[in-house]
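Take a look at the structure below.
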Amino acid sequence: MSDTSFVRTEMLAPRPAPVSQVGAIKWMRENLFSGPLNTALTVFGLLATVWLVQAAAPWLLHGVWNANSLTECRAIIAERWGPEATGACWAVIRVRWNQFLFGFYPVDQYWRLFVTFAGLFLALAPVLFDALPRKLIWGTLLYPLAAFWLLWGGPIWGPVSVLAGFAILGLLFTALAPKLGVPVSAGIGLVVAALFWLYAAAPIEAALQSALPLALPEVDSDQFGGFLLALVIGVTAIVVSLPLGILLALGRQSDMLIVKSLSVGIIEFVRGVPLITLLFTASLLLQYFLPPGTNFDLILRVVILVTLFAAAYIAEVIRGGLAALPRGQYEAADALGLDYWQAQRLIIMPQALKISIPGIVSSFIGLFKDTTLVAFVGLFDPLKGISNVVRSDMAWKGTYWEPYIFVALIFFLFNFSMSRYSMYLERKLKRDHR
């Protein structure tokens with residue numbers, strides 16, 4: 001055995017990594033061709049994609065945007081691409097876009113819709129992005145009343161009286177909560193606010209309207225339709241169902257028998273009944289239980305029951321988040337001397353909501369898509385109601401895929417945005433160190 005050692009005095013130039021171990025080729029080997037089954041599925045998927053593109057591409061590329069009827073669309077396609085060619089008649093979207101978006105809302109009042117939608121984004125901004133000043137939350141709280149007045153019109157003093165009732169509720173709750181506790185003070189505030197709305201609001205509204213008449217032209221609910229209707233129902237149900245679902249989830253875990261029984265009953269009943277049944281109840285049966293002569297708006301009835309339906313599912317999602325928390329979190333709250341509501345607000349519920357983000361957003365996406373079911377109770381949703389109205393016009397009779405594709409793209413835009421925001425929120429709130 002030799003004692004002579006060898007020491008290299010110069011560095012070798014680094015060699016590039018094998019082509020099969022880096023870049024796109026490596027990714028394809030690991031994800032698309034990692035085995036016989038994956039290879040077969042990849043080849044089948046490629047063949048199906050090629051067939052679909054070959055079938056759909058001519059129809060999409062031959063589409064016509066400038067026409068006044070389906071007959072004119074077909075004539076233009078035949079002139080450009082031959083008598084046997086087919087193509088999409090996108091002109092129906094160009095001509096009827098306002099009905100798909102706004103239903104039968106008066107055209108001269110579209111400015112109210114634009115102001116409402118711009119206000120919606122401004123109201124959601126401080127809720128979705130905590131970098132903004134917290135004082136902007138006051139604008140978020142005032143937005144629902146302003147949006148109601150802008151959309152439906154009428155005297156401004158109606159929303160003002162509703163705001164006054166909530167102000168009374170908030171003042172009483174703030175004053176009584178330290179002495180009587182959260183449940184009792186909230187109950188007293190609700191009773192006083194309800195008495196104000198029942199007996200004092202109407203005379204005050206009439207007096208203010210006679211002294212200072214401020215009103216917008218009224219718009220009936222049967223003129224709502226399209227994505228305006230979907231957003232009114234969907235956004236309202238999403239915003240209200242989350243706090244209501246939190247209360248139902250906490251009620252289901254309560255030690256008080258009445259509260260727990262009511263919460264379990266509401267959750268199980270609503271989850272066990274199809275949404276379409278609740279919509280028919282809102283449309284037909286609910287009117288029989290109201291006093292004679294009561295005019296309870298159909299959209300409001302639908303919003304209430306859709307909100308209850310969503311809240312029941314949100315409650316179960318949040319209950320799963322609560323169950324995932326270790327017992328030590330509750331013990332830590334007790335060790336700090338926090339009462340029940342302080343513990344829920346500061347320690348328990350923030351962690352449960354963070355765990356439940358994927359399930360909550362999935363419920364919201366499903367809820368927004370389910371707004372199309374209101375077509376079965378006579379409302380003009382964008383998918384079925386407005387599409388049928390457009391096709392009932394002889395100029396566009398025969399169009400089929402174009403309205404559905406347009407509506408699907410807009411639904412995808414909203415739902416994809418919600419999905420991406422939930423992923424952003426999960427990354428932002430991630431606190432583990434894996």
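Using N, Cα and C of the backbone, Cβ positions are placed for all residues, glycine too.
Taken from Swiss-Prot as is:
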type: DOMAIN; residues: 227-422; note: domain 'ABC transmembrane type-1'
type: TRANSMEM; residues: 41-61; note: transmembrane segment
type: TRANSMEM; residues: 113-133; note: transmembrane segment
type: TRANSMEM; residues: 135-155; note: transmembrane segment
type: TRANSMEM; residues: 156-176; note: transmembrane segment
type: TRANSMEM; residues: 180-200; note: transmembrane segment
type: TRANSMEM; residues: 227-247; note: transmembrane segment
type: TRANSMEM; residues: 272-292; note: transmembrane segment
type: TRANSMEM; residues: 298-318; note: transmembrane segment
type: TRANSMEM; residues: 360-380; note: transmembrane segment
type: TRANSMEM; residues: 398-418; note: transmembrane segment
Folded-back contacts onto the transmembrane segment (227-247), same chain, C-beta under 8 angstroms, at least six residues removed: 100-103, 105, 113, 117, 120, 144, 151, 299, 302-303, 306-308, 310-315, 317-318, 349, 360, 364, 367-368, 371-372, 374, 379-382, 410
Distant-in-sequence neighbours of the transmembrane segment (135-155), which means Cβ under 8 A and at least six residues beyond its ends: 109, 112-113, 115-116, 119-120, 122-127, 162-163, 205, 209, 213-219, 221, 224, 232, 236, 239
Same-chain residues at least 6 beyond the ends of the transmembrane segment (398-418) whose Cβ lies under 8 Å from its Cβ atoms: 70, 88-90, 92-93, 100, 227, 361, 364-365, 368-369, 382-383, 386-387, 390-391
Contact set, same chain, for the transmembrane segment (180-200): CB under 8 Å, 6 or more residues outside the stretch: 161-162, 164-166, 168-170, 172-173, 341
Among 113-133, 156-176, 298-318, 360-380, stretch most in contact with the transmembrane segment (272-292) (C-beta, under 8 angstroms): 298-318
Selection from 113-133, 156-176, 298-318, the stretch that has most Cβ pairs under 8 A to the transmembrane segment (360-380): 298-318
Positions whose Cβ lies under 8 angstroms from the transmembrane segment (113-133), at least six residues beyond its ends: 102, 105, 139-140, 143, 146-147, 150-151, 228, 231, 235, 421
